[in-house]
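Trainee: Pulled from TrEMBL, these are the listed features:
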- Cys94: active site, glycyl thioester intermediate (ACT_SITE)
- 188-206: compositional bias 'Low complexity' (COMPBIAS)
- 209-222: compositional bias 'Basic residues' (COMPBIAS)
- 10-156: domain 'UBC core' (DOMAIN)
- 154-222: region 'Disordered' (REGION)
Amino acid sequence: NSNVENLPPQVLRLVYKEVSALAADPPEGIKIYPSDEDITELHTAIEGPEGTPFAGGIFRMRLVLGKDFPAVPPKGYFLTKIFHPNVGHKGEICVNVLKRDWKAELGLRHVLLTIKCLLIHPNPESALNEEAGRLLLEDYAEYASRARLLTEIHAMGGPGGTSGAPQDPNDGPQPKKHAGDPTKRAGTASTATTTSNSSSSSSTSNVVGKKKADKKRALRRL
């Protein structure tokens with residue numbers, strides 16, 4: 001729910017100013033999508049950092065400013081499914097800057113950069129996804145494999161990827177209707193054979209009919 005009506009005008013002005021600055025000069029690897037209708041909910045897209053299982057993915061996220069902001073930190077949610085120790089199954093993000101380490105003067109830019117750093121340096125000690133936290137500590141190869149798989153499925157464009165537009169089966173070059181299609185060739189050959197047989201039968205019938213007529217005329221002359 002929007003908290004625009006719950007925030008003091010001076011706070012709204014500060015938020016609007018910071019969001020405008022973020023949109024004009026976003027942190028590297030982060031895109032900002034401000035809403036003119038609700039300044040208390042900020043949508044962003046974070047590029048998966050190179051050298052991590054999230055590389056190549058685009059992860060959509062939102063920050064929600066509560067009615068007590070900036071005294072209380074914003075809440076962060078990943079909208080793109082991700083396998084990460086500090087991201088819950090509903091996308092909720094657990095990071096200290098959004099909890100006990102929050103200071104009102106830190107600002108939204110610092111929050112976004114901290115969440116991006118979380119993709120590089122997960123913190124298994126405050127895991128919301130216990131399985132991801134356990135694998136990170138006990139079997140990093142398996143953790144990286146799982147995280148990379150979900151990145152490919154949900155964070156990359158193309159077939160199966162939620163960040164890509166669904167493909168139209170009619171897009172791209174289409175096969176020719178008859179070329180290289182044995183069933184079409186067989187059908188054409190069959191049609192040709194039937195036509196040939198029909199012509200042959202018609203010709204034979206004409207010959208037989210002519211012979212019968214000639215025989216009748218000969219009998220009448222006798």
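The count begins at 1 with the first shown residue.
Any Cβ shown, glycine's included, is placed from N, Cα and C.
TrEMBL: automatically predicted annotations, no manual curation.
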Trainee: Could you tally the C-beta atoms, other than its own, that fall within 10 angstroms of the C-beta of Cys94 (active site, glycyl thioester intermediate)?
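Mentor: 18, counting other Cβ atoms within 10 Å of Cys94 (active site, glycyl thioester intermediate).
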Trainee: Based on DSSP, tally up the residues of the domain 'UBC core' (10-156) by helix, strand and coil.
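Mentor: Counting residues by DSSP class gives 60 helix, 25 strand, 62 coil.
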